[in-house]
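Below: the structure, in structure tokens.
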């Protein structure tokens, strides 16, 4: 058995039940949860990101939530600079760490040692890209850096702008600047992929709207402007349309469900291609996960 410390990553598409299982695992193992959900890194974005509630955060310590305001974008490099010391601290103290999230690129960067381009935020460029609109920006990226564009959804405003930002600021495509330096950890990937995911997505979407997604979106728009890139993401974009009167609540819910299903499909594809998780069977998730963890701990 290797003496290297163990990093457990709990991954799966949105609405697959990661939060509930993470809380149980964290309590059983006496660990905090290290967040690897890109939208939960931002303050004030609580309902729309299904961020762990205050009660859940009181139950189990969570790291890497609420790092910045929504108008202060976090690059992958900056996220790694926050996350890596957090992981190393847990490994030093406990010999084990628990990462939880559905942001595949962020997980991959941490577990494989991907080193993204060292290009800082470029606010003026981002303003220009926002003014151009995603319908122009993604094709522009596809023409200039097709490798990067192929890995980014045409609807993903934040990552599209980041790839263009790197390209324009450095003069080199983002796809050609990344390198890999594997970390000195063992990785155990546990995957959730429930057969009833469509139903779970529908139920969670209804719950987000009941919990105040529309009101949260209005507060964010009032404070940061409706053109905030994060307000174009799933759920927030539809809530904006409710607030400006261009869509009904039921139509917004239906669109959010559809966009979430499409996103979950892309997540599943990413996890199959980029990760090698031990898929949990849905029967007794906690027992099965603990058995796998104990086997790796020896």
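Each residue's number is its place along the chain shown, starting with 1.
Backbone N, Cα and C atoms are what each Cβ position is placed from, and that goes for glycine too.
Features as listed in Swiss-Prot:
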BINDING   12, 13, 14, 15, 16, 17, 18, 19  ATP binding site
BINDING   14, 15, 16, 17, 18, 19  substrate binding site
REGION    37-40  region 'Interaction with substrate tRNA'
SITE      103  site 'Interaction with substrate tRNA'
Counting Cβ atoms within 10 Å of each Cβ, the densest environment among the recorded positions 14, 16, 19, 103 belongs to 16
Counting across all protein chains, other CB atoms within 10 angstroms of the CB of residue 12 (ATP binding site) number 25
The mean pLDDT across the region 'Interaction with substrate tRNA' (37-40) is 96
Rounded Cα distance in angstrom between residue 14 (ATP binding site) and residue 103 (site 'Interaction with substrate tRNA') is 9
Across the region 'Interaction with substrate tRNA' (37-40), DSSP labelling yields 3 helix, 0 strand, 1 coil
Rounded to a whole number of Å, the separation of the Cα atoms of residue 15 (ATP binding site) and residue 103 (site 'Interaction with substrate tRNA') comes to 13
